[in-house]
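What TrEMBL records for this protein:
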type: TRANSMEM; residues: 12-31; note: transmembrane segment
type: TRANSMEM; residues: 43-66; note: transmembrane segment
type: TRANSMEM; residues: 87-109; note: transmembrane segment
type: TRANSMEM; residues: 121-143; note: transmembrane segment
type: TRANSMEM; residues: 155-176; note: transmembrane segment
type: TRANSMEM; residues: 182-204; note: transmembrane segment
type: TRANSMEM; residues: 323-342; note: transmembrane segment
type: TRANSMEM; residues: 362-386; note: transmembrane segment
type: TRANSMEM; residues: 398-418; note: transmembrane segment
type: TRANSMEM; residues: 424-444; note: transmembrane segment
type: TRANSMEM; residues: 456-475; note: transmembrane segment
type: TRANSMEM; residues: 487-510; note: transmembrane segment
Amino acid sequence: MSSQDVLKNASTLASYNVLLQVMFRVLTFLLNAFTLRFVSKELIGVVNVRLTLLYTTLVFLSREAFRRACLSGGSGTKHSWRQVINLLWLTLPLGVLWASLLICVWLWLLEVPDPQGVPYYGPAVVLFALAGVQELLSEPLWVLTQAHMFVQLKVVAESLAMIAKCSITVVLVVSAPEWGLYIFSAAQLVYTGFLVLCYAVYFIRFLGSKEAAKKGFPLHHVGDLLPCRIDGELTWSFFKQSFLKQILTEGERYVMTFLNVLSFGDQGIYDIVNNLGSMVARFIFLPIEESFYIFFAKVLERGRDVKSQKQEEVAIAAEVLECLLKLVLVIGLIITVFGYAYSHLALDIYGGSLLSSGAGPTLLRCYSCYVLLLAVNGVTECFVFAAMSQKEVDKYNLVMLALSVSFLFLSYILTWWAGGVGFIMANCLNMGLRILHSLLYIYNYFKFSQWRPLRGLVPSPLLLGALVVSAGVTAVSESVFCCDSGWLLRLVHVSVGAVCLLGVLVAVLLTETHLIQFVRTQLLPHTNKMNIF
């Protein structure tokens with residue numbers, strides 16, 4: 001497969017992932033707004049922080065290293081894919097081991113919520129861990145799906161699973177709210193069960209079919225999916241890195257869970273604001289990071305410098321990296337500018353005075369700044385992790401270890417000083433250091449070549465001026481028109497923001513023509529109609 005074909009497939013995957021994440025976040029957004037009217041904020045806090053942390057920790061530590069290692073190479077033969085499948089099945093016993101350990105921690109080492117306000121905590125811990133192990137059953141099929149760019153399959157599987165989860169949650173919240181945490185445990189089990197079922201049904205039908213033979217798929221029988229030896233050094237390096245990255249990614253949840261710096265109610269408020277603030281990051285930046293990690297890993301030869309690689313492929317990788325950096329920078333700057341002036345209004349519309357009267361607006365304003373760092377870090381690390389040699393990955397693990405320790409310490413100190421804002425401050429510092437490390441790596445990687453992809457981080461003067469003016473105008477508009485003077489003045493505030501946003505978009509169209517062309521030709525590809533089942 002040529003570099004252009006890989007780029008096209010990665011772009012299609014990113015596009016579908018963005019649509020998928022938009023749907024997920026909209027459904028989650030509506031589901032949270034709905035359930036808040038039937039269950040307590042303490043219950044939401046336990047589910048969205050503590051139980052979700054258990055689930056994400058289990059699946060992340062069990063599979064992330066295997067994913068990165070198996071997607072880093074270009075395994076094309078049946079024999080090599082049998083080795084990869086064999087390696088991926090190790091995620092299941094590893095998941096059972098992590099589940100046993102984490103259940104003990106969550107049940108006996110952490111503060112148990114009041115059973116009157118948050119009933120059935122113990123069974124919910126076990127069921128969420130079981131859901132995580134159940135999801136690992138689909139891991140070999142997920143990696144095959146990603147590596148061979150079966151984008152429609154992923155969209156259909158995750159969409160059906162999410163719809164089923166939301167349906168179960170709504171029905172049980174309305175009909176049996178007294179079930180407490182059993183509601184969300186059942187919904188999580190249904191979600192992971194649907195994922196496994198969809199992947200299994202597709203591959204049972206696909207393997208051995210004429211379509212598989214036409215595509216030259218390396219596996220031919222269902223038996224090829226079952227557990228034959230692969231070099232595990234890179235996997236071990238990624239495992240150490242994934243463990244540290246999980247601490248950095250979910251650090252505030254660990255601090256909240258283990259050190260009790262916030263009450264369950266405050267945890268619920270923080271998690272709602274966190275989810276609202278990270279919506280764009282999750283449904284745009286994360287799909288781009290996941291999809292283009294595969295692109296960079298396939299186009300670049302891991303651990304080799306620029307001069308020793310195919311120059312055509314390096315040129316494509318450099319151009320794509322520059323455009324991605326420009327894209328996330330523009331989106332991140334827009335979110336930062338407009339997020340400051342519209343945080344209070346957004347929270348008031350979403351959750352009423354429960355969210356807008358306290359520290360919620362300040363949290364969301366700070367998070368708007370953090371989103372910019374999240375955007376840049378996602379793209380830079382996606383390139384760095386695809387290009388690093390095993391020795392460089394091991395070396396970076398030491399950096400991640402230092403960042404993890406300092407981040408946990410800073411989170412604890414800053415939270416006692418500034419409440420939930422302290423978590424965001426610690427995250428910003430940590431993310432800034434990670435970005436600096438990645439930028440230095442990228443600079444050194446391309447230093448002796450003709451390509452300079454870091455130019456993507458330099459906005460045009462016109463765009464920068466439009467953003468500065470918009471920041472000042474919308475801040476004044478908020479102080480004059482919003483948010484306690486009625487809906488008419490709120491609409492005036494929204495109209496002011498719309499005009500400013502239009503001005504910013506015009507500046508982008510006039511000055512970032514190369515970026516616009518990249519988005520039109522690569523991130524919005526023409527695709528055939530989906531035909532999955």
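Counting starts with 1 at the first residue shown.
Cβ coordinates are placed from backbone N, Cα and C, and glycine is handled just like the others.
Automatic prediction, not curation, is the source of TrEMBL annotations.
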Notebook entry, point to check: Where, among 155-176, 362-386, 398-418, 424-444, 487-510, do we find the most CB pairs under 8 A to the transmembrane segment (456-475)?
Noted result: 487-510
Next item on the list: Given the cut-off of 8 Å on Cβ pairs that are 6 or more apart in sequence, determine whether the transmembrane segment (182-204) and the transmembrane segment (155-176) share at least 3 such pairs.
Entry: yes
Margin query: With Cβ-Cβ distances below 8 Å as the criterion, list the same-chain residues six or more beyond the ends of the transmembrane segment (424-444) that contact it, or say none.
Written below: 248, 251-252, 321, 363, 366-367, 369-370, 373-374, 376-377, 380-381, 383-384, 387-388, 396, 399, 403, 406-407, 410-411, 414-415, 418, 453-454, 457
